[in-house]
């Protein structure tokens, strides 16, 4: 009985706590408040504070009751706890001026701190106090001031306290004040940068060098680091603000400032002070805030070393940089600025340094082809643990109604050994295995994915973690499908807690957990509830709330996680003016009948499964999961026990600086890192021994392992102190060939797309330094199209009907399905003004491409390819014409070339509603059409296999293009549109089409593209229609062409082509051969020495021979510079026999720089020039930093490679180049890329005045030594003068100035239509022709009433000359037919007004004469007294002033007439006397003698026409890079009875755009040259 009673009692003792636990309900207290969103806890206390509206409230009982604080008089903007004095100090910032409130006793009392008054015209936008970790009295107050904006209402002037203030945020200043007496007094740390009138924002950012009580930095307690910056709002030419900066150190509270010498000539973008390091980030280009950045690291605030970065750092997030327990620097970075607003500011990559902080590398498994957002979480209390998530940026969109494609896979992984090894987050939950869509035992394909691990789980626990996420393979992530999971082993394994996402918090070191669903309806109950667990998440209990709230935060009231009291803050939208907050205080402190755990309730939990981490084994004592007690060690931190490991292993080591880990994890030498280090500077030997491993800094393992040295080759490694030492090379090896590449043309970064021989796409955002494979979901990429109007957009076509589009340079892609039609390989056509609008061409009824029913269909999309609509059947090429013209007749106009299935002809149709209701046939039969520079040109077949061209500048009015009737021009069978610029079209008209013997004439149009004149004859052309024609980029009117010098014999098939190179400096009006250099690159004279350029000149290989048509002679950013491969002699030699030549003055003078053919590339606007041998293996490049004066060789790789191409960004403004090469390896060849970075070889960035004024580094100067006029003006260009600085992102080519406009000379004119340039330089009419009918202009412009005859000359459109020769002076005006009346009215005068004026004048003269006669002559005796009157006579009647005036007139008249009469008489007498003498002396001579002088203008000989040319010019483009060949069969040609319409070259009044996308060449070709001739009359 006694035994039974004992068993019963024992059972009761065990059961009662369980019953109490099941019946336990936490104490919940509710408080209702307005607009309260953040609650703060004082550490190790029961005191909480929060901001409510504009006041501060406080609770001294863990949130159960609240009261308004006393002592704060102002409205408060925000409050915060002092991070170094979390137990008792908080700060509240005032809304008014420079005032703050501070408490040092947990909010019981508050002291007002007033900062020094600001200037009268500015006002504070808020202040923030930073405190010192070691001295409680040290303050740094940071304030922001902005100029006040004028307001009309005096009541709102902001002068009175409480009045609203309007700030001008474009004129703001930061100020920093320091105090060493607890805020009683402050002194300003004044910026050492002078703020000028252009500085919009002035930034001062100061911080104590000590950032924690455990700081390892060598600094004093009073050391303060300050960064001062001035930012200027830049004019339109720039893409970003200009920044100047100074980084300084002060130890005397700002009285003296010491600038860091290493950053004097750099732009410091930001800095971060960590426990062991100070990190400084410098901006590579002060004129581009998106430029790449460098990271500098110091551990003594004195010596900084530049860290090695595996990729470009462009958008750092300095505020997120931190240091882990090993002293490694964690550097989050955003590598892009997405076009998608929601993507901005999100971390896209995380780099981790070695323990020295000098070599960064990405998290290994994130450096793959999937690019996305990265999130890294390191719980500080779990040493060595890292949880990282990668969320792919690829966005996939599909046609409505179609199944979704597979997304790029995201992944979440965990490491418990500081990132040495990683595993997925395993879900070990057999009870819920059926609730998941995948097999949770297949960890690699079914694991927990958490895209953003929140900091809510940062409360210290013994390995107990919670998170939200979904279980799967990472291919699908829908935020609405998230669930809540829990782990008890530090994150290695997880189990399901809730089927919905929750906010959560832990207490009592993880023994109490509170979770609240984001959505109250998750349990089909509209009322909110929270759940709690007292057994570390094993079981959960629901607590119902009476109100529906949106949870804002749930938190433990003790930040160290030791307490068992929580705060739940939620809100409802109760009224329009704000929110109503419900604050719940939840108390679990009496759980388990208030029992405290005893020793046997605890167990040991080992971190990292008991393995050594950083040379130490860690363990934590934690409560057993089912123990019926709470730890109740409130305000005590969680204890972590450690035991040093005896032996060091490879896990305790990292690769030395000169080594990197290969695919197997072994540390191998890296040539680039060897160059950056100094290991080879210490030896003269070819090799040096270096240990590949180094012990991790701070590792605590006891016995180091033996590390054997590895011999590193120092052959070719530059020595310290040389510029070559600073060149950085990155090599990438591939087992395939790159067949296509193209850069995105932006300054944001150096992004490019590459396609390999397997049809796989690769993307790089750092100029090829790091390359990622694009996941096309198994589809081969068969075509890539870049949007020519939107530089960040490109489209990739998949082999299975997908289209992958990017609008952010390849950072993210959207996938859509193309219409269910056969891909025909036709390019997309884009709308120039709508990024998401384009036309795709697919084949319909095309089971076979040869099927008779197979035809093309144009599909239109307005949403970037998400949906397509069928626009037009049988369309093979369309243009959004309305978006191309400057003044379109209709902005929605679309033109399409249509080829009907049943017809062999093609027609041109247009529509203004995408062919829904409107369809207009423009031409019934065409060969093809193209758009260029604001024109659309249509090729129309004519009789006898000829072509005619029609041009429009508005899409409605078409005019026939009239070609000149030169004697050597037969049929118009083929022509190539070369380019259009400055209102003219350049066109090549083929005159000989025999394959291999092609050539023709170079023509130029008037402003509306309808009247052409011949510029040069026998210009070289190839069979594909490409022409040796190139306009020099960035300069006005300079063109290079190759002519066939023996064209007559070539046409007769007697000789092969002999090419010569010619150049023009006035847009084709005059041509000369290239002047050869006197000596070659070795200082020797050229064998060809004739003074005649016709016999000895420089010749260059041109456009028709290029492997890549993007490799132009010149660069638009390197003004005046050109490279070319050629020779000096009578004719052009084969390519292999040529040398490489260079010019800096636009082609006036040349120099040989290499004896063999080389490839070239421009960088930094010509500030860095690079050459690499062509068609021969090499391991070196040549580069120049002084505009080609001197050249240096640099070895960029260990073994020789055959360089296929060298390239850089399209604007040639970068300092980074990309080489594509192929090298022979064992077992075959490998394709390689080399990224060569020259950023560090320059001492500094050139100092540039953003207003375009001259500075110490930039001066205005003419392009060449000559200063004569070109295009009617003298121009100077802003050019760099110092070779030791780099230019950067300055549009230098846009800064030029015209010194003056010159008088017009012969060089400012070209021949008009039907005129040609004769040998004497004059323009003469073509024999047998008449000038164009000038009256035709009246037909084209009905409003005209007059026209003028042509003089034979027309002024070059680019010329701005004034005065001087007027060779284009018009004739007298002629009346337009039918406008004779208007013409007569314009130039004739009406008889009525003329008669009135004439009679009026006669009447006035008659009256005056009668008055003088009556008062002065008749009254004084009449004409009879004329002979008696003498000057001064007193006999005249003078009764008043009128009489005296009249008498004076009479006397003066008499005097004048008397003298004239005497003079005539005397002259008559003398002449008679002389004649008499002559007759007497020469009486035998008969008849007169005559001479005549005809005065006329004359012109210089042709050789003198170019004398004195100034090479200054401005902004021309290269010609187009894509040919469109249009062929016509015999059946295509209809018989046309109409003859040519009459024509005039007078331009229309319509303005025409003068811009043309560079790099395009269009060819309209009629290959049939055997048809009979049809002479045009």
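Backbone N, Cα and C atoms are what each Cβ position is placed from, and that goes for glycine too.
Taken verbatim from Swiss-Prot:
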type: SIGNAL; residues: 1-21; note: signal peptide
type: TOPO_DOM; residues: 22-1391; note: topological domain 'Lumenal'
type: REPEAT; residues: 101-111; note: repeat 'BNR 2'
type: CARBOHYD; residues: 121; note: N-linked glycosylation site
type: CARBOHYD; residues: 168; note: N-linked glycosylation site
type: REPEAT; residues: 179-187; note: repeat 'BNR 3'
type: CARBOHYD; residues: 445; note: N-linked glycosylation site
type: REPEAT; residues: 485-495; note: repeat 'BNR 5'
type: REPEAT; residues: 762-771; note: repeat 'BNR 7'
type: CARBOHYD; residues: 791; note: N-linked glycosylation site
type: REPEAT; residues: 859-869; note: repeat 'BNR 8'
type: CARBOHYD; residues: 1008; note: N-linked glycosylation site
type: REPEAT; residues: 1141-1150; note: repeat 'BNR 9'
type: CARBOHYD; residues: 1301; note: N-linked glycosylation site
Residue counts (helix, strand, coil, in that order) that DSSP gives for the repeat 'BNR 5' (485-495): 0 helix, 6 strand, 5 coil
Spatial separation of residue 1301 (N-linked glycosylation site) from residue 791 (N-linked glycosylation site) - C-alpha basis, Å: 37
Cβ contacts of residue 1301 (N-linked glycosylation site) (under 8 Å, same chain, 6 or more positions away): 1272, 1273, 1360, 1361, 1362
Cβ-Cβ neighbours of residue 445 (N-linked glycosylation site) (radius 10 Å): 14
Per DSSP, three-state class assigned to residue 1301 (N-linked glycosylation site): strand
Across the repeat 'BNR 7' (762-771), average pLDDT on the 0 to 100 scale: 88
Around the Cβ of residue 791 (N-linked glycosylation site), the count of other Cβ atoms that are within 10 Å: 16
Tally of residues which DSSP labels helix, strand or coil - the repeat 'BNR 3' (179-187): 0 helix, 2 strand, 7 coil
Three-class DSSP secondary structure - residue 791 (N-linked glycosylation site): coil
